[in-house]
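Report on the following structure.
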Amino acid sequence: MNETLLTTLKPVVTTPILLVPKRDVVGFWIGVGLSVASSIFIGASFIIKKKALLRLRGEGKPANQGGYGYLKDVGWWAGLLSMALGEALNFVAYAFAPASIVSLLGVLSVLVTTILSSKYLNERLNFFGKIGCFLCAIGTAVIILHAPQEKEIENMRDLQAKISQPAFILYVNIVAATSVILVYFFRVKYAEESTKTLLIWLGVCAMVGSLSVMSVKGVGLAFTVTLGGGRNEFTNWLTYFCIVTLVMCVAIQMNFLNKALDTFNTAVVTPIYYVMFTTCVIIASAILFREFSYLSVSDWTGLICGFLNVLTAIFILNFCKNYDFSLNDLTHNFNAVLKPDVEKDESELTIMPLGNSGGYGTQTEV
């Protein structure tokens, strides 16, 4: 009897169970759809505003000389409205889809602007540009297919528990300390036009920007929960903390990003900032929301390949846009290579610098 009792009371060793958040497939695709729509509106807004500014040339003082005649133009306001609508959709997208995925999909606005500018602004889209657009579309599709679809948080109470984690508190402190050190200790060592200065400015932008994305996620969550018939999250102090943090972070971002754009070429700033910003957002999201904790090896591989595809596309679109190279040039060169050595004419192909771009393009002599 005693032996039976002891056997019954013997502790049972169990394996801890990993609780996986429930999948929110519908919410995920709503967020992706909103993010894609946002990129379309934002990308189109640049074209609409540019068309308006081009139309107003010769009518008073231009915008690049301090003129404000565009404020009376309906077309310019249509472009501004398109951008505002795009930003609003992007804001809502953060409430549904993982923050890292929404940030990654922001590259689609570059794709939209590139395609529309070639059609409506008569800006040439060369062969490299078309390859870049194709890679961008493929990379984006791969990212969407392999993105995490688990619902991270349900309400502001969940968010409060997340931001109280030691790992995220450490990340915020690292961002703050690193930003101060870069700006006030390293910045004074380098010239204004130094590459290291560019990396410092964009590094601060990216790190602070990752915190602004986390704040947007919180504000968006407060709106969706409140408007969805749940509790009123605007009675929660955390909602207003997220709003204040968002305003402060965006102000810091804009300050250093404007410095970078004013000093360096846009073709250099855009890809570097995209890489830095997206990387910091992914790190912050992984720490705060653990978005990637439940991905399989195949999904991890897909996400990395998709990101590298998009990264390659961004660099091609920005650094190869001034190369004078078309599909006809490629075909001509290929045919020239296939010719017998006796028939080859060394003067058929020449490599010539193109303007001030510093690049070289393949030119076919007539």
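Just so you know, glycine gets a Cβ as well, placed from its N, Cα and C.
Taking Cβ pairs closer than 8 Å, the transmembrane segment (26-48) reaches residues 75-76, 78-80, 82-83, 85-90, 92-98, 101-102, 105-113, 116-117, 120-121, 144, 147, 149, 151 in its own chain, all 6 or more past its ends. The transmembrane segment feature in TrEMBL is assigned to 26-48 (among others).
Residues annotated as transmembrane segment in TrEMBL: 69-85 (among others).
Per TrEMBL, the feature transmembrane segment maps to 91-115 (among others).
Within the chain carrying the transmembrane segment (127-147), a Cβ under 8 angstroms from the stretch's Cβ atoms is held by residues 28, 32, 97-98, 101, 104-105, 107-108, 110-111, 114-115, 118, 295, 298-303, 305-314, 316-317, 320-321, 323, 325-327, 329-330, all 6 or more beyond its ends. Annotated transmembrane segment per TrEMBL: 127-147 (among others), in sequence order.
Annotation comment: TrEMBL describes 167-186 (among others) as transmembrane segment.
Taken from TrEMBL, the feature transmembrane segment covers 198-225 (among others).
The transmembrane segment annotation in TrEMBL covers 237-256 (among others). For the transmembrane segment (237-256), same-chain residues at least 6 beyond its ends with a Cβ under 8 Å from one of its own Cβ atoms are 156, 159-160, 163, 179, 201-202, 204-205, 208-209, 211-212, 215-216, 218-219, 222.
Residues annotated as transmembrane segment in TrEMBL: 268-288 (among others).
Here TrEMBL flags 300-320 (among others) as transmembrane segment.
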If you count Cβ pairs under 8 Å, which stretch among 69-85, 91-115, 268-288, 300-320 touches the transmembrane segment (167-186) the most?
268-288
Considering only Cβ pairs within less than 8 angstroms, which of the stretches 91-115, 198-225, 268-288 has the most against the transmembrane segment (300-320)?
268-288
Which sequence positions outside the transmembrane segment (268-288), separated from its termini by at least 6 residues, show Cβ-Cβ distances below 8 Å to it?
98-100, 103-104, 106-107, 110, 162-163, 165, 167-168, 171, 198-199, 202-203, 205-207, 209-211, 213-214, 257, 260-261, 307, 311, 314-315, 318-319
